[in-house]
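Working notes, structure below.
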Amino acid sequence: MGATKLLDRGRGSRSLPLLLAWLVGILLVLDIGARLAGVEIPLAAGRTFGGSMSVAQFGGLVWNGVIVGLIFGLAGIGLSMTYSILNFANFSHGDLITTGAFTGWGAALLVSGWGLAEAGTLLLVRAASGPSPNEIGASIIQAPLAIAIGVVVAAVATVLVTVAIDRVVYRPMRDRGGIALLIASIGVALGLRYVVQFVFGSRSRGVTATDGVRTTIAGVSVNLHELTLFVVALVLMGGMHLLLQRTKLGTAMRAMADNKDLALVTGIPTERVVTATWILGGALAGVAGYLYVLERGTIEFNIGWFLLLFIFAAVILGGIGSIYGAIAGGLVIGLVHEVSLVWISGDFNAAAAFLIMVIVLLYRPEGLFSGVTTA
Amino acid sequence: MSDPEPVDRTRDAGADETRTDADVGAPDDAILRVRDLDAGYGELQILSGIDLDVGDGEYVTIVGPNGAGKSTVMKTVFGLTTYLGGTISFESEPIHELPPERIIHKGISYVPQSNNVFDGLTVRENLEMGAYILDTVPESRIEAVYDRFPVLRDRRDQKAGTMSGGQRQMVAMGRALMLDPDLLLLDEPSAGLAPDLVDDMFDRIDEINENGTAVLMVEQNATEALRRCDRGYVLTQGQNAYTDAGTRLLADEEVRQQFLGG
């Protein structure tokens with residue numbers, strides 16, 4: 001009886017804030033409805049409920065949310081997989097994203113700008129001054145092949161770096177437990193970031209050409225780079241889904257995420273599955289970094305590190321260990337990040353994204369896709 | 001697979017000169033031969049000087065008090081503990097220094113006591129994982145497992161984690177049978193099962209054994225296990241105490257008092 005009472009009290013103290021959160025959520029949705037309908041009800045101190053916002057404006061925010069959400073989700077898949085199969089939170093994942101961005105864009109610029117500047121300058125992603133991004137013409141319109149090659153190089157180069165790091169650092173520590181690996185991964189993150197900075201320089205610079213990238217398809221204005229990101233991300237996510245659900249390797253990865261000891265006695269070659277996990281996670285991280293730069297147009301040595309916190313938020317929100325959770329969490333974080341701009345300034349929207357994560361975790365600690373291990 | 005005919009396990013009684021007529025010694029055709037085995041976990045030694053044999057198609061049970069090292073024997077055969085000395089040979093090849101994935105290739109499968117299914121995988125996927133070391137999943141083996149455990153066929157697309165204890169145990173055994181092993185290691189197969197399912201589980205183990213698969217089993221339900229097996233080992237404090245036909249161990253007053261609760 002006492003235990004039941006205690007439980008009830010525990011629930012009671014939590015249900016009020018939950019109610020409040022729902023209320024605020026419903027109000028915000030109503031507010032968006034009012035704004036879209038052009039209804040404006042004055043409140044105190046010059047504030048209004050509702051207002052005016054065009055459908056296109058709102059649609060733009062949602063679209064932006066989907067785009068960043070897909071980046072978070074795509075990069076989050078690898079983070080979630082290494083968490084569930086290797087049992088540690090990999091803080092060097094962000095810098096793998098950066099690695100993919102630089103190597104991929106080095107290749108893309110080399111192909112699209114061949115002959116316009118020294119190969120070294122292009123390969124180092126315009127480390128030195130030289131032709132402008134629009135002169136190099138690295139865009140999906142002017143050099144689709146270069147952009148495609150960049151995707152492949154980003155994936156391959158990041159995989160090589162990821163597997164090398166595993167062999168040198170993580171593999172010898174395999175049985176050391178999550179905390180030791182986590183701390184090692186912070187060291188790897190710093191090391192990798194400074195290598196990238198040393199090789200490619202610390203200057204933030206533009207890389208993509210913008211001529212003709214924004215166009216109109218069927219009356220809707222679209223940014224073709226965002227559309228490319230959207231399509232490539234969806235294809236890769238679909239591919240991961242098929243790989244995990246339909247192939248022997250994917251089933252073995254899910255089996256290992258489920259129960260490592262049993263995987264071992266079943267005869268699953270666990271080290272090979274671990275390597276496959278790094279390869280897939282690294283490839284997705286590299287491509288995510290490359291696509292992120294395609295969308296934002298500029299590159300910098302710490303982009304991945306800044307993304308990492310959002311990716312962790314997405315993965316935790318979705319339920320760590322589940323790739324679908326990573327994707328769903330990424331979209332939620334991305335949408336909140338962008339749509340919150342309706343009410344708050346761009347300086348604070350990151351806080352809104354993390355607030356949502358905290359609220360979800362308070363009431364659903366296991367994340368949105370709980371109990372679905374890498375499935 | 002060898003000789004599918006039922007063999008009288010007691011035929012070798014007295015073959016070994018050093019044993020008394022009452023002993024049922026290890027058969028000469030042992031596929032698993034453990035000699036003077038020392039093993040443990042890291043620095044901690046659990047087993048010392050273990051001798052144990054399992055004949056081709058034989059059904060052997062290890063009984064003994066809690067903490068005697070029964071499960072450790074099984075884990076050591078499967079390469080899951082720290083090997084400290086002695087020999088384990090399977091079909092005349094030494095296996096005591098092989099990792100589990102190599103031992104599976106030799107024809108031994110192991111069903112752990114708990115957490116022995118992949119909860120997030122479907123029944124069929126669990127079975128497919130059992131045949132991971134093969135290039136393609138043999139459909140005939142899956143069918144054979146379904147024939148042995150028909151409920152698994154009906155539930156092949158269900159996640160194993162959502163099934164009852166008895167059904168999970170069937171999934172675990174089915175997974176271990178996917179490679180048609182010569183020797184099946186079963187660690188407490190009746191643990192956690194409802195009493196009315198225990199008999200059914202023992203019947204199925206009998207069937208598997210009658211099909212020619214040798215079984216080495218650790219069981220808490222010692223009386224039932226000894227009644228059904230060909231031969232039993234009594235283990236105390238990491239050492240062999242006796243081996244004899246299961247029914248004879250059951251009848252032995254000392255064994256009954258010490259290990260079977262009177």
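All residue numbers here begin at 1 and follow the chain in the order shown.
A Cβ is built for glycine as well, from the same backbone N, Cα and C atoms used for every other residue.
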Range among A:12-32, A:96-116 that TrEMBL annotates as transmembrane segment:
A:96-116
Two-stretch contact, the transmembrane segment (A:177-196) and the transmembrane segment (A:96-116), at least three Cβ pairs under 8 Å:
yes
At a C-beta cut-off of under 8 Å, are there same-chain residues at least 6 beyond the transmembrane segment (A:227-244) that contact it? List them, or none.
66-67, 70-71, 73-74, 77, 140, 147, 151, 250-251, 253-254, 280, 284, 287-288, 291-292, 294-295, 323-324, 327, 374-375
State the residues, same chain only, that lie 6 or more residues beyond the ends of the transmembrane segment (A:273-293) and have a CB under 8 A from a CB inside it; answer 'none' if no residue qualifies.
71, 74-75, 77-79, 81-82, 85-86, 93, 96-101, 103-105, 150-151, 154-159, 161-163, 166, 174, 207-208, 228-229, 232-233, 236, 240, 243, 249, 252-253, 256, 263, 299, 303-304, 307
